[in-house]
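The next block holds one structure in the form of C-alpha cells; read it before the comments.
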Amino acid sequence: MSSFDDFDAFEASSLSARAMAARPAPYLDGLNPAQRQAVETMDGPVLMLAGAGTGKTKALTARVVHLLMTGRARPNEILCVTFTNKAAREMKNRISGMLGQTVEGMPWLGTFHSICVKLLRRHAELVGLKSNFTILDSDDQLRLLKQLVQAAGIDDKRWPARQLASIIDDWKNRALTADRVPAADAGAYNHKGVALYKAYQERLRELNATDFGDLLLHMVTIFQTHEDVLDQYQRWFRYILVDEYQDTNVAQYLWLRLLASAHKNVCCVGDDDQSIYGWRGAEVGNILRFEKDFPGAHVVRLEQNYRSTPHILAAASGVIRGNASRLGKELWTEAQEGEKVRLIGHWDGEEEARWIGEEIEAMQSGTRRMRPFSRDEVAILVRASHQMRAFEDRFLNIGMPYRVIGGPRFYERMEIRDAMAYFRLVVSPSDDLAFERIVNTPKRGLGDKAQQTIQTIARANGVSLLDGAALAVEQGAIKGKGAKALGELVVGLARWGRMTGDAAMTHMELAEVILDESGYTAMWKNDKTPEAPGRLENLKELVKALEQFENLQGFLEHVSLVMDNESDEQGAKVSIMTLHAAKGLEFPAVFLPGWEDGLFPSQRSMDESGVKGLEEERRLAYVGITRAEEVCTISFAGNRRVFGQWQSQLPSRFVDELPEEHVEVLTPPGLYGGPGGGAAMGMGSVGSTLHDRAAEANVYNSPGWRRLQERQGQRPISQPRESTSTVIDLQAVSAYTVGERVFHQKFGYGSVEGIEGDKLEIAFEKAGTKKVVARFICAADDVPF
DNA sequence: TAAACGTGGCTTTTT
DNA sequence: GCCACGTTTA
C-alpha cells in the first residue's frame, strides 16, 4: 500500500531547493535558444512542440531542475506525467544526473496510471472501492466480460466478448461512465453494450477491482464530484508537466485540465506529427487545441534536429506535408549532407528480405560511400508484426544475429500469469479471477462441472470461490479424485497464506514453495513439448525478480502497472520491430520495408478511419523516416503473400510523396535493366516521376514489360490520388477480356475468369485461381522475355 | 478429460 | 498461411 504521507514528505526530502537556488545553473548551458525558452518560461501554460530528435527530454528535464533550483516548487509539488514506465525511468535518471544526486523526493513523477493508482488508493471509498483494490489486466478483464456476456444469454460468436471489451475501453478512454454514454453509441454490441458496461462496473466493484481505464476515469469522476479533493490537489501540484501530449486521450485530458485549471502552470510537450496512437483513444485534437484550452499559452517550437542528416529530414518533411491538420513545424539541422534516402523495389517480400539481409552484411564492412555499420546500429521497422517473419526466416538462414523488439512481454506469458495467480490467491484469498485461473492448472480433475458446483455454492453462501470450494469439499458436493485435489489446494493456499507472515522465510522461498507444492512446477517438468524448458526458465526468472521487492504484495502491485520487460540481451544484433515500437528510438541505419498500398498505409486504417486514418499512417511514415540518423532505406515489393494468397501490390502512395531530390533509387543487382543497361532507363523522360523511376529500376522492367505498359497506356501514377479510395486502373483492366490467356511473371500462364475493379481474377495453370492487379499481367502472346 | 479436428479471422499496443 | 478458439470424438 502506498504511503499516505507524501504531503509531509517534503521536510525530509533529500532536496532542499532553496539552498540550491544560489548556485549557478550549468543545466542551462547546453540548451539552444528554443529549449532555453521552454525551460525558463515557468508561469502559465506552455506548449512545447518538439519535433523528432530535437532534444525534448533534455528540455523537459531541465525545466524540472530549473523549477527546483529556483525554488518555484519542492520536488513533491511537481506533477510530471509520462506514458510509459520507460519514459518515467529515463526522466528520473536524467533529473538525477543534472542535479548530481538521486531524486528521492519526486513521488509524482510517473505514468498517468501509476499516479492515478496512488491518488485512487487515497480516495477509493468515493467511488465505492476499498483502498486495497486490485488492478485487472486485459486478460482478467476479458474473462470477466465473457462471463457477463454468457450470463446475458448473448451468442458470443456473433458478438465476441473481445469486441465488448474494446467498446468499453473506448468509452473509458473518452471518460464516459455508463450513464453518460451518448445515445449515438446505444446500438453498440447489439444494443446491450451499455447494460453490460453497467453490469461489468458492478462486478468490478464487488471484486474490489478496477481495470486500467478505471484508474483514470475514477479519478476524473472524483475530481468532478468532490470539489474539496480537487481543490486540495490543484493547490498541491504547483507545476504540471506532461510528456507525449499528443498521445493523451479524453480522460487523461480532462484529468489534466481539472488539475491545471486553477494556476494553469502546465507545460505540455509533444509532437502532433508523431501521434500514432489514435486507434487506442489518443486524440491529436488535444494538442491541436491547446492554445484554445489555455488562452495565452506560450508556444515554443523545437525545430533544430540533432539526429538525422538533411536528406532524411527533408524526406520526412516532404511526406508529412501531405497532412492537412498540423500545427506546422519544419525541422532543420546543421549536420552534413550524407546519403540520400534510398528507395528500392523488389519482386516479392522474400526477395526484399534477402536483399536487406545482404545489404546489412555489406554495410558491416563498409562501402565506397558508407562507413561500416555494426549490426546493432541497424534496425528494420515494419508496419505490422507479420512482416517480421520474412526477416527472421532469412536471417536465421544466413546466420545474421537479430533481436525482435516487442512481442509478448514477460508478464504476459502464460506460465508467469499462472504463477502470479497463485501469488494473488495467497495474498488475497478472495481473488476469484485468480482462483478460476488456477483451480485446474495443473490438472486436478476439476472440469466445468466441478467448477460450476463451486460457483453455485459460493454464490449461495455469499463467499469467495475459494471459500466456496472449501465448503464444497466439506459438504461432499464434489466427488472422487477431484475432491481430494481440491481439498489439498484449499489447505495449501491457507498454509501458504500463513507463511506470508513467517519471518523465517523470505518471500522468494515462499514463492518457490507455492509453485512446488501446488504441483505447478511439476506440471512443466513433465511436459514434453519444446517450450516447457523455457517456461521453467521463466519461472526461475520470476522468482529472481521478486528479490527487489519486500514481499509478494509489493511485487504484485508493481507488476500490475509495470508490464514491461526490458530485455538486456546483448551482442551486436540487428533490431526488428514495428514502427510503433520504434517511436522514441533512433538508429544510424534504418530499413523501412513493405511500403505498399494496403500494407502501408494499411487498408484497414483507411477503411475504418478514412482521411483521419490515412493521416495517422502518414505520421507513422514520418516517425519511421525520422528514426534514421545516417542511412534510411525504403523498399516495397510487387508481390506479397497476404493471408496465404499471393497478391500484387502497388508501391505505397507515401513513396510518391518522397521529394525526388532527396531520394536515390537503387536497382537490385542481377536483374533486368541495371543502371546503364540501355533500354531500361529509357523511359525516364519528361514528366518522369520518382514513382516511375522506382518502378523502372526494379524487376518489372524489361523491354517486353515496357512494351506492355505502352500498350496499356502509361498510367499517370504520381498524380495526387484520392486519399481514401484506391484509384482503379481502368485502362489496364480494360486491356483484357474474360477467357483471355495471360501470363504473370510469378504464376505463369492462366486465363482470365473475371474482372473486379483494377484486379483480374485469373485461373493459373499451376498456381490456382488468384486475384492480381492488371498491371502485373500481360497477354500470353506478349510475354516480356 | 484430453487429443484431434475444423473454422474463422486476421494492424498497430501501453497501462 | 497461421494461430487461436471451439467443437467433436475417443
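Placement of Cβ uses the backbone N, Cα and C atoms for every residue, glycine included.
Here TrEMBL flags A:29-309 as domain 'UvrD-like helicase ATP-binding'. Per TrEMBL, the feature ATP binding site maps to A:Ala50, A:Gly51, A:Ala52, A:Gly53, A:Thr54, A:Gly55, A:Lys56, A:Thr57. What TrEMBL records for A:310-584 is domain 'UvrD-like helicase C-terminal'.
Here the features listed in TrEMBL are painted onto the structure.
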residue : record           : contacts (Cβ under 8 Å, 6+ apart)
A:Ala50 : ATP binding site : A:Lys56, A:Ala59, A:Val269, A:Gly270, A:Asp271, A:Leu302
A:Gly51 : ATP binding site : A:Asp271, A:Asp273, A:Arg301, A:Leu302, A:Glu303, A:Asn305, A:Lys329, A:Leu331, A:Thr626
A:Ala52 : ATP binding site : A:Asp271, A:Asp273, A:Gln274, A:Asn305, A:Arg307, A:Ser308, A:Ala316, A:Leu331, A:Tyr622, A:Val623, A:Thr626, A:Arg627
A:Gly53 : ATP binding site : A:Asn305, A:Tyr306, A:Arg307, A:Ser308, A:Leu331, A:Glu586, A:Thr626
A:Thr54 : ATP binding site : A:Leu302, A:Glu303, A:Gln304, A:Asn305, A:Tyr306, A:Leu331
A:Gly55 : ATP binding site : A:Asn32, A:Gln35, A:Leu302, A:Gln304, A:Tyr306
A:Thr57 : ATP binding site : A:Ala87, A:Glu90, A:Met91, A:Arg94, A:Asp243
Within the domain 'UvrD-like helicase C-terminal' (A:310-584) only, compute the mean pLDDT.
88
What does DSSP call A:Lys56 (ATP binding site) in the simple three-state scheme?
helix
When a 10 Å sphere is centred on the Cβ of A:Lys56 (ATP binding site), how many other Cβ atoms does it contain?
21
